């Protein structure tokens with residue numbers, strides 16, 4: 001590899017050319033057939049290569065050397081190119097910076113593995129030289145580049161041990177949540193280096209659990225990488241969502257043909273088959289190669305390789321079951337199948353024929369093969385999740401959908417948002433807020449404490465901080481978090497305009513609260529929603545998400561008024577003691593903490609009036625029997641929520657119709673595991689706060705819930721929880737699991753996976769069950785269960801409105817099984833029929849072309865069947881006496897006749913003694 005100085009002479013001029021407004025001339029306006037022609041791009045390229053060969057480094061800047069002589073010479077080349085282009089008709093000229101496809105095509109050449117020429121001849125050049133900023137804020141030189149398949153960023157490890165072991169870090173493009181220019185992440189903030197030139201060369205790649213923080217070799221290099229990565233991130237997500245077979249096969253070919261020779265040797269074929277989770281001995285692989293090696297050169301070119309893959313894609317045992325033993329279907333067969341899939345919706349044979357020809361890419365074919373039926377069933381448009389629910393407004397008018405009071409929605413909520421690890425010694429970072437907000441969270445948590453000199457580094461002692469108190473978790477500045485929220489809450493790529501709630505856990509003294517007031521007031525300004533002056537007297541409902549677009553609401557304690565209920569003493573203060581605000585010299589030692597974090601003594605709270613004026617959601621002590629003011633809300637610990645759902649469920653449902661409630665995990669969850677959100681959702685609780693850094697079943701269910709309404713983080717509660725409709729009767733769900741398709745290799749494992757499918761039902765009350773298929777050994781490419789006949793998993797579900805179905809694939813292994821992928825969907829959003837279940841990895845990235853094929857059947861349980869599951873009884877006695885009008889509405893939603901006597905039967909019959917949590921609607 002050339003020296004960094006020589007390398008940058010080669011790359012920096014090309015970065016500048018990419019950012020300059022140089023037109024790319026369409027072919028009809030090119031003359032001559034030489035390398036240059038009259039195309040300014042080609043002329044610039046040729047002159048740049050000449051400049052590279054003749055230039056010598058004369059200086060340094062940024063992460064590597066930079067030739068000022070080359071820069072000056074490049075300026076004249078740009079002028080020459082512009083002069084050439086100016087002679088063309090302006091209507092025929094396209095600016096390169098305005099054409100993303102052209103830009104990306106040229107940028108990738110600078111970013112990936114490539115063969116480049118310098119004075120010593122041809123050498124391998126990997127991307128560019130950067131300075132990577134580590135967790136201590138220290139920049140270290142490294143090479144950063146795109147991998148051969150252009151779907152991941154790679155870099156040379158700065159760890160000596162990793163280099164010795166041959167470990168190369170990799171960051172898949174579809175794991176990226178945001179590419180952020182400047183120095184805004186925690187690693188950069190630790191450096192506090194605000195030198196303009198360095199900051200303009202800096203950028204961060206943010207994922208759900210980390211950030212890659214880089215300082216480029218120049219400002220042009222930074223701009224090219226930032227723009228190109230944003231485009232590639234967008235394209236990667238589109239490709240995964242579109243399930244393009246051609247894209248999948250091209251990616252496999254690029255991965256197999258590592259040396260770019262245009263053909264595959266026997267060793268390369270064996271290697272790629274193993275990576276696809278296909279079990280073949282070397283001898284068998286050699287026989288397969290001979291079958292498709294049409295020119296007899298003991299290698300496979302791309303056409304021969306694709307022919308081999310075509311046959312492998314056609315090997316689907318389950319298709320014999322689905323096709324009734326046939327190997328082909330005509331248009332009539334397919335039309336009948338599609339009618340059954342659509343619940344009897346009309347499908348013509350002409351439409352079926354057009355689908356057959358679309359899938360086969362042959363305008364003359366008349367029959368559907370096993371391969372093409374497999375492609376049809378594996379398409380995104382055949383996915384199990386009802387696509388209408390995924391649209392803005394759940395398929396209706398978005399503005400109308402978002403016009404209800406905040407209390408009518410489930411709101412995507414994060415707990416201890418700042419943490420990236422466990423609750424005892426995890427890192428606190430500002431990019432954790434970026435990640436949560438970009439993933440759809442509309443409520444994030446800030447645990448605020450007094451700062452001290454040097455805590456964190458750079459704090460002069462006057463800045464409030466955010467951390468998990470009484471632990472070894474790292475600290476970050478409150479100011480940095482507010483600025484991050486301001487910059488990312490409504491920003492691309494998510495572009496979510498709906499309101500964000502900041503749940504403030506206040507541990508600061510009055511002095512620091514005053515500083516918090518100045519920070520929030522100064523940074524957020526008009527973005528901050530403030531209560532009307534007469535809210536106490538006139539407000540009847542909270543505003544709607546539509547009314548609160550691009551607004552930030554603060555939830556916390558206010559200055560106590562005589563006519564208000566007590567402050568909310570349950571807001572996580574059973575986990576952390578809160579010092580009395582005021583003079584710290586009078587506060588003394590903080591109370592001792594038990595292992596679970598519970599304080600042995602609680603102290604009072606003084607709230608600064610200025611800070612109090614910013615609070616729009618007042619934290620108060622819950623009173624389920626009393627109607628509070630619309631802007632008052634309460635927090636409930638996991639344990640208290642479970643108890644309320646067991647003993648006061650009807651009251652809790654009604655409480656959540658008029659007030660916001662926030663549920664948070666038990667303080668003993670030191671590993672940052674999550675509570676099951678379904679019982680609280682079943683009782684109508686709006687904000688169930690989860691640890692976003694932990695990929696567990698509750699978090700997967702949360703993702704499935706908030707896929708609805710285009711992922712905006714606001715989902716309307718079901719009608720029974722809004723007193724607007726009857727509950728859905730009990731249901732029986734049958735999942736017939738046929739097969740998996742194209743499962744990915746796990747990390748660097750060499751073994752082919754041994755997959756099985758797990759189906760979990762989570763809901764309210766007793767609606768909790770887990771079942772799984774048998775394991776298929778040594779096949780992750782097309783494993784079929786029960787030899788393609790499928791394995792049936794059945795579930796009886798009493799409260800479908802609150803039920804979620806989580807389908808995951810696992811690799812059976814010695815000790816503990818390995819997670820492969822998952823998809824979660826609310827029960828009532830499942831489309832019956834034979835459906836494709838797409839899979840997401842632990843980073844919420846869609847696994848390209850991977851999935852599970854299942855047949856879903858949902859039928860209503862008869863009263864007799866429901867009675868066998870749970871004894872008949874009434875839940876009327878769970879419903880405390882509310883106001884008469886509200887009581888009548890609630891009774892109707894619960895299935896009671898408003899005039900029925902006590903003890904009358906409800907639509908869903910339950911025994912109070914058997915309640916285990918969740919709604920009884």
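Note: Cβ is positioned from N, Cα and C throughout, glycine not excepted.
Among the residue ranges 27-48, 49-70, 71-92, the one that TrEMBL annotates as region 'Disordered' is 49-70. When the ranges 858-889, 890-921 are checked against TrEMBL, the one recorded as region 'Disordered' is 890-921. Counting residue by residue with DSSP, the domain 'PI-PLC Y-box' (625-721) contains 40 helix, 18 strand, 39 coil. Here the domain 'EF-hand' (280-315) is broken down by DSSP into helix, strand and coil counts: 23 helix, 2 strand, 11 coil.
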